[in-house]
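These notes concern the structure reproduced below.
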Amino acid sequence: MSETSFNLISEKCDILSILRDHPENRIYQRKIQELSKRFTSIRKTKGDGNCFYRALGYSYLESLLGKSREILKFKERVLQTPNDLLAAGFEEHKFRNFFNAFYSVVELVEKDSSVSSLLKVFNDQSSSDRIVQFLRLLTSAFIRNRADFFRHFIDEEMDIKDFCTHEVEPMAMECDHVQITALSQALNIALQVEYVDEMDTALNHHVFPEAAIPSVYLLYKTSHYNILYAAEKH
């Protein structure tokens, strides 16, 4: 499936279908074959610099479908996020529209357990981008509110405010471990990132936060994130 054949998030397809992305690359072929022993399917995301936020948002909400107790717990957390944004210095009128977009899709998941309805929202450019912008602002707020911790992980020449203003909040800015750590903690979402590179080494992955049981799995390759689906354990 080429990136031009879908809008923002693709339909689910077999993990081995991505072997044809690089048919001549022996290392890539081996690593995807290894990955297929633990993951059955993949959804591709558009490579627009927002792929991490969009992939995490969609994948976690999809994992909540049909789980009323977990949805309620997540709603309670989401309802607290405006306080986090206010504490970080954001004015309510500047984030309310983005918060409403995200909260609306959480309510949709609560009322409608269909994958197609959720996918439709995330493939609508306007709705999807508002959701991404909210997740970016929340990530920024979490970092700003814990500046003493996060300042150890960013460039010494850039303070926390500048980092958030230039590297986190703007659309299309790619993310790194700092943003992943912040957003996963801000929403209490455990995720596992599988790394596929062109080094002739073993596959490796990272769990955020460490030792947590992931509910979201992402594939990272050449600065891009796609959504993975783990094989059922028997």
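Every residue number used here counts from 1 along the chain in the order it is shown.
Cβ coordinates come from backbone N, Cα and C, glycine included.
The domain 'OTU' annotation in Swiss-Prot covers 40-231. The active site annotation in Swiss-Prot covers D48, H205, H224, and the record cites similarity to another entry as its basis. Per Swiss-Prot, active site, nucleophile is recorded for C51. Residues annotated as site 'Required to orient and stabilize the active site H-224' in Swiss-Prot, with similarity to another entry given as evidence: N226.
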Sorted by position, what residues of the same chain at least six away from H205 (active site) have a C-beta under 8 A from it? Q192, V193, E194, Y195
Taking all residues of the domain 'OTU' (40-231) together, what is their mean pLDDT? 98
If you draw a 10 Å sphere around the Cβ of H224 (active site), how many other Cβ atoms fall inside it, taking every protein chain shown into account? 19
Where among the recorded positions D48, C51, N226 do you find the Cβ with the fewest other Cβ atoms within 10 Å? D48
To the nearest whole angstrom, what is the C-alpha distance linking the residue listed as 'active site, nucleophile' and H224 (active site)? 7
Measuring Cα to Cα, tell me the gap between N226 (site 'Required to orient and stabilize the active site H-224') and D48 (active site) in whole angstrom. 12
For H224 (active site) and D48 (active site), what Cα-Cα distance in Å is obtained after rounding to a whole number? 9
